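**Q** Before I ask anything, let me first share the structure, which is written out below as structure tokens.
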Amino acid sequence: MDQQQLLPNLLSDESSPEWMNKGDNAWQLTAATLVALQSVPGCLVILYGGMVQKKWAINSSLMAIYAFAATLICWVGWGYHMSFGDKLVVFWGKPGVAVDDNFLLGQAFLGYFPTATMVWFQFGFAAITPVLICGALLGRMSFVAWMVFVPLWHTFSYTIGAFSVWSPNGWLAKMGVTDFAGGFVIHLSSGVAGFTAAYWVGPRSDKDRNGHAPNNILMMLAGAGLVWIGWTGFNGGAPYAASTLASLAVVNTHVCAATSLVTWLMLDISVSGKPSAIGVVNGLITGLVCITPAAGVVQCWAAILMGVISGSLLRHVDDTFAILHTHAVAGCLGGVLTGIFAVPKLCRLFYNLSDSGTYIGLAYALLKNGRKSAGLRQMGIQVAGIVFIVCLNIVSTSLVCLLIKLFVPLRLSDEELSIGDGEVEGACACACALSNSTSDHGTFGNHPKLINSLYDVDEYPSVLVTSKTASYEMHVV
């Protein structure tokens with residue numbers, strides 16, 4: 001169409017070049033922001049902040065927020081290029097900064113939007129991965145060690161997985177592995193890395209392990225709701241376009257999540273006779289993770305089946321913070337089921353191919369004469385991707401933890417483990433006071449209540465934590 005026939009807001013100019021699709025750019029920015037909201041406030045700040053014991057609420061939130069911020073600095077400093085730039089070796093890209101306007105305003109390597117949009121969208125994925133790892137380490141890992149862990153793990157693990165699976169130059173991408181939106185790169189990686197890091201850090205204290213109960217179930221469910229809706233951008237943004245495939249991915253995502261949640265809930269009721277709020281969260285997250293590698297390349301009936309499988313099989317795995325089975329096992333399961341149910345036509349649309357000979361699920365290959373070998377090959381590639389990501393994260397996470405351990409303790413001290421936020425951060429999620437008694441008689445610890453003359457309300461003085469032997473009490477004021 002001639003430029004003069006377009007509406008003024010659709011005309012190209014220096015800030016809106018001809019190659020840019022404004023609709024795609026707007027959707028991609030929106031999807032990226034939805035993904036970022038899953039991390040802060042959705043994932044750990046609210047979800048895990050409500051799921052952990054009260055004494056670890058602040059620690060969990062600070063670990064998540066720090067991971068989000070530190071990853072962004074690493075991402076624009078060197079991580080983006082190492083994940084999607086020129087090839088350094090077969091599994092890794094060359095480091096480079098992503099801060100120059102000539103680079104950021106140019107067209108992204110995929111899609112019809114600026115590179116700046118791609119940097120922001122992929123950052124959301126890069127950021128949520130260590131945030132998920134954090135869930136396996138709450139209530140035990142030193143915050144200083146965590147500050148060192150995040151940039152090291154991002155550099156030597158995440159970028160390798162992202163380049164191998166998602167970059168057009170990656171060796172697994174060239175083989176034909178299908179990971180629609182991060183089942184391998186994000187969820188399998190975070191689950192295995194979290195489990196490995198937890199091994200090196202050590203278990204929680206016996207008291208925490210035996211007496212664990214969520215401190216705020218309503219906040220936990222609110223966080224789970226944010227994560228669920230945020231997954232619209234997680235999987236819906238993967239096609240890099242406001243397209244029919246994005247719409248299908250969104251529908252499949254929520255159908256699978258709902259099916260997994262209901263399946264898990266029904267099994268909870270059939271076994272214990274009661275619904276479980278934690279079971280609802282686990283069933284939801286398991287379904288979301290399972291569908292992620294397949295969201296836009298399977299039919300809706302397959303998404304329902306994947307929800308039933310993830311909600312029933314994975315319910316029997318015992319993991320307190322649910323990182324291993326809701327992310328590693330569910331991501332692995334989703335990757336395998338993608339190799340079975342991937343529709344050739346949808347794969348062709350996703351990868352923008354003239355034919356779908358490279359990508360075909362085993363179920364469809366068996367229905368077509370002469371395609372059995374292609375389906376088996378796709379299954380083999382999916383398994384190879386799983387094995388690579390698992391081995392990568394076991395080795396890289398172990399090396400990072402061992403390196404950090406040479407300089408700073410990985411684990412909190414016994415005293416910090418016993419007290420929690422009051423000792424680690426010097427603050428508590430609720431008002432925190434020193435007290436030598438176990439009862440509250442209307443005073444804040446041993447300090448008298450004061451009256452604020454300006455606002456005519458009760459006020460309590462600040463309490464400096466100076467004793468490392470006093471017991472702590474939590475007071476909701």
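Here the Cβ of each residue, glycine as well, is placed from N, Cα and C on the backbone.
According to TrEMBL, the record shows the following:
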- 26-49: transmembrane segment (TRANSMEM)
- 26-421: domain 'Ammonium transporter AmtB-like' (DOMAIN)
- 56-78: transmembrane segment (TRANSMEM)
- 119-138: transmembrane segment (TRANSMEM)
- 145-168: transmembrane segment (TRANSMEM)
- 180-201: transmembrane segment (TRANSMEM)
- 213-234: transmembrane segment (TRANSMEM)
- 240-267: transmembrane segment (TRANSMEM)
- 279-309: transmembrane segment (TRANSMEM)
- 321-342: transmembrane segment (TRANSMEM)
- 349-367: transmembrane segment (TRANSMEM)
- 379-404: transmembrane segment (TRANSMEM)
**Q** Apart from its near flanks, which chain residues at least 6 from the ends of the transmembrane segment (213-234) lie with a Cβ under 8 angstroms of it?
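**A** Distant Cβ neighbours of the transmembrane segment (213-234) are 30-35, 37-38, 41-43, 45-54, 57, 124-125, 181-182, 250, 253-254, 257, 277-278, 280-281, 284-285, 288, 292, 429.
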**Q** Which one, 26-49, 145-168, 321-342, has the most C-beta pairs under 8 Å toward the transmembrane segment (379-404)?
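**A** Looking only at 26-49, 145-168, 321-342, the most contacts with the transmembrane segment (379-404) come from 145-168.
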**Q** When the pLDDT values for the domain 'Ammonium transporter AmtB-like' (26-421) are averaged, what is the result?
**A** 89
**Q** Establish whether the number of Cβ pairs under 8 Å between the transmembrane segment (26-49) and the transmembrane segment (240-267) reaches at least three, counting only pairs separated by 6 or more residues.
**A** yes
**Q** With an 8 Å cut-off on Cβ pairs and a sequence gap of 6 or more, do the transmembrane segment (145-168) and the transmembrane segment (321-342) reach 3 or more such pairs?
**A** no
**Q** If we skip the immediate neighbours and take only residues 6+ beyond the ends of the transmembrane segment (240-267), which ones have a Cβ under 8 Å from one of its Cβ atoms?
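**A** Same-chain contacts beyond the ends: 21, 23-24, 26-28, 108, 110-113, 118, 180-181, 228, 231-232, 234, 275-276, 279-280, 282-284, 286-288, 290-292, 294-296, 298, 300, 303-304, 306-308, 310-312, 315, 346, 349-350.
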**Q** Under 8 Å for C-beta pairs, could you tell me which stretch among 119-138, 279-309, 321-342, 349-367 has the largest tally with the transmembrane segment (180-201)?
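**A** The listed stretch sharing the most Cβ pairs with the transmembrane segment (180-201) is 321-342.
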**Q** If we skip the immediate neighbours and take only residues 6+ beyond the ends of the transmembrane segment (349-367), which ones have a Cβ under 8 Å from one of its Cβ atoms?
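**A** Counting only partners 6 or more residues beyond its ends, the transmembrane segment (349-367) has Cβ contacts under 8 Å with 176, 178, 180, 239, 243-245, 296-298, 338-343, 373-376, 378-379.
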**Q** Taking residues 6+ outside the transmembrane segment (279-309), which of them lie with a CB under 8 Å of any CB in it?
**A** 47, 51, 178-184, 186-187, 220-221, 224, 227-228, 231, 234-235, 238-239, 245-246, 248-253, 255-265, 268, 315, 322, 325-327, 330-331, 333-335, 337-338, 341-343, 346-347, 350, 359, 361
